[in-house]
Amino acid sequence: MEHKVTCVLAMVLMLALSSLAQNQEETCAVIPRERINCGFPGVTAQQCKEKGCCFDDSVRGFPWCFRPLVIENQQEEECPF
């Protein structure tokens, strides 16, 4: 019985949190060789962010202004009870 209650509470919490989240998330944690250029030579961090892109000038030879990585939210697993 206690397991069922825990499962139900977990489901309610997941549903509440999922209503706040979208189907996709974006992150700037992109491997340098996988960056897709989003700027132009000499772009500033502010100009880059205004375009909705990520800025990281710590790695030479790769785009500093690049598109964020889109992560698809995984579907929730059903609670077996």
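Even glycines carry a Cβ here, placed using N, Cα and C.
Taken from Swiss-Prot, the feature signal peptide covers 1-21, and the record attributes it to sequence analysis. Positions annotated as pyrrolidone carboxylic acid by Swiss-Prot, on the basis of sequence analysis: Gln22. The domain 'P-type' annotation in Swiss-Prot covers 26-69. The disulfide bond annotation in Swiss-Prot covers Cys28-Cys54, Cys38-Cys53, Cys48-Cys65.
This prediction places the mean pLDDT of the domain 'P-type' (26-69) at 95. Per DSSP, the secondary structure of the domain 'P-type' (26-69) breaks down as 9 helix, 8 strand, 27 coil. Within 10 Å of the C-beta of Cys65 (disulfide bond) we count 23 further C-beta atoms, all protein chains included.
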